[in-house]
Amino acid sequence: MKPTAIFLMGPTASGKTDLAIQLRSSLPVEVISVDSALIYKGMDIGTAKPSKEELALAPHRLIDILDPSESYSAMNFRDDALREMADITAQGKIPLLVGGTMLYYKALIEGLSPLPSADENIRAELEQKAAQQGWAALHTELAKIDPISAARINPSDSQRINRALEVFYITGKSLTELTEEKGEALPYDFVQFAIAPQDRHVLHERIEQRFHKMIELGFQAEVEKLYARGDLNINLPSIRCVGYRQMWEYLQGDYDHEEMIFRGICATRQLAKRQLTWLRGWKTPIQWLDSLQPQQAKETVLRHLDSYQKG
């Protein structure tokens, strides 16, 4: 019999952390973060990282594990998450995976086809080609090879364009083809929940209020500290995180403070929309929870889990 795991998914600002804390007070669970922004040290305000008080109530694994100069893949996450899940299960507890990075959940459930290691010669050739023709031209080339990846990648995102083309040149297969090849399935029985306000206008308001709150808490100073390091740039996954990119561009002088706030809020709302689109198209059953009814949401999880474990 496989051990049990709980997935608590949802868009940004939906109340996942609050519910996770409530569940930890009632269930023998340990929390694993499923968030591609919370992995970075020194990025606390703009990622809405759980506070010290919240972490005292519900410690989160897989947060603050990398410097912002480092990259982290879905495969890295799968390896790390499986290790943490095994540790939690060995303690007789249930892994509670909480977050909104849907690609990480997908990788965990379905496994991943191993991607080739970087080839410095191919990368150098692509960078030389980009210097002559521009990254937009390479993005056009990618669109012919792998239209699905090209649609997801911004024409100015040199790092991701380079990687997608590099994978094709090494393997002869597109990144989309390779990522659709299944790897090892998750060795757990898992129950999936998604939390969001039933009224989407509430989510939009929460996102706007939270972004303004981040500004009040010192988000600009947090990014200024990263900006001053000198070894970070806007093409790194950490700086491309929602909010950080907009603040970074503001610090570069690309637009004024008011425009930065507007763009940051818009980008966060777009992220929430993408997350909800992922969830609506999810292949396996999800129990939806209304974050405007937190007590009811908690009771639904407890009731559902109890009936699930009884079979």
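Backbone N, Cα and C atoms are what each Cβ position is placed from, and that goes for glycine too.
What Swiss-Prot annotates here:
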BINDING   G10, P11, T12, A13, S14, G15, K16, T17  ATP binding site
BINDING   T12, A13, S14, G15, K16, T17  substrate binding site
REGION    35-38  region 'Interaction with substrate tRNA'
REGION    159-163  region 'Interaction with substrate tRNA'
REGION    240-245  region 'Interaction with substrate tRNA'
SITE      T101  site 'Interaction with substrate tRNA'
SITE      R123  site 'Interaction with substrate tRNA'
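Taking the features listed in Swiss-Prot, we show where each one sits on the structure.
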{"residue": "G10", "record": "ATP binding site", "contacts (Cβ under 8 Å, 6+ apart)": "K16, G100, A194, I195, A196, Q275, L279, S291"}
{"residue": "P11", "record": "ATP binding site", "contacts (Cβ under 8 Å, 6+ apart)": "G100, A196, L203, L271, A272, K273, Q275, L276, L279"}
{"residue": "T12", "record": "ATP binding site", "contacts (Cβ under 8 Å, 6+ apart)": "A48, G100, I207, V242, T268, L271, A272, Q275"}
{"residue": "A13", "record": "ATP binding site", "contacts (Cβ under 8 Å, 6+ apart)": "A48, L203, R206, I207, R210, T268, A272"}
{"residue": "S14", "record": "ATP binding site", "contacts (Cβ under 8 Å, 6+ apart)": "G100, I195, A196, P197, L203, R206, A272, S291"}
{"residue": "G15", "record": "ATP binding site", "contacts (Cβ under 8 Å, 6+ apart)": "I195, S291, P294, A297"}
{"residue": "T17", "record": "ATP binding site", "contacts (Cβ under 8 Å, 6+ apart)": "P50, E54, A58, V98"}
{"residue": "T101", "record": "site 'Interaction with substrate tRNA'", "contacts (Cβ under 8 Å, 6+ apart)": "V34, D35, S36, F77"}
{"residue": "R123", "record": "site 'Interaction with substrate tRNA'", "contacts (Cβ under 8 Å, 6+ apart)": "N162, E166"}
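All chains included, 26 other C-beta atoms sit within 10 angstroms of the C-beta of K16 (ATP binding site). Of the chain residues outside the substrate site list T12, A13, S14, G15, K16, T17, G10, P11, D18, A48, G100, I195, S291 have their Cβ within 8 Å of the site's Cβ mean position. Listed as Cβ neighbours of the region 'Interaction with substrate tRNA' (35-38) (distance under 8 Å, sequence separation of 6 or more from its ends, same chain) are residues 46-47, 49, 60, 62-64, 72, 77, 99-101, 103-104, 237-238, 241-242. The DSSP secondary structure for T12 (ATP binding site) is coil.
When averaged over the region 'Interaction with substrate tRNA' (35-38), pLDDT in the model lands at 98.
For the recorded site, T101 (site 'Interaction with substrate tRNA'), the DSSP three-state label reads coil. Within 8 Å of the centroid of the Cβ atoms of G10, P11, T12, A13, S14, G15, K16, T17, where the record puts ATP, the same chain has further Cβ atoms from G100, I195, A196, S291. Classification of R123 (site 'Interaction with substrate tRNA') by DSSP places it within a helix.
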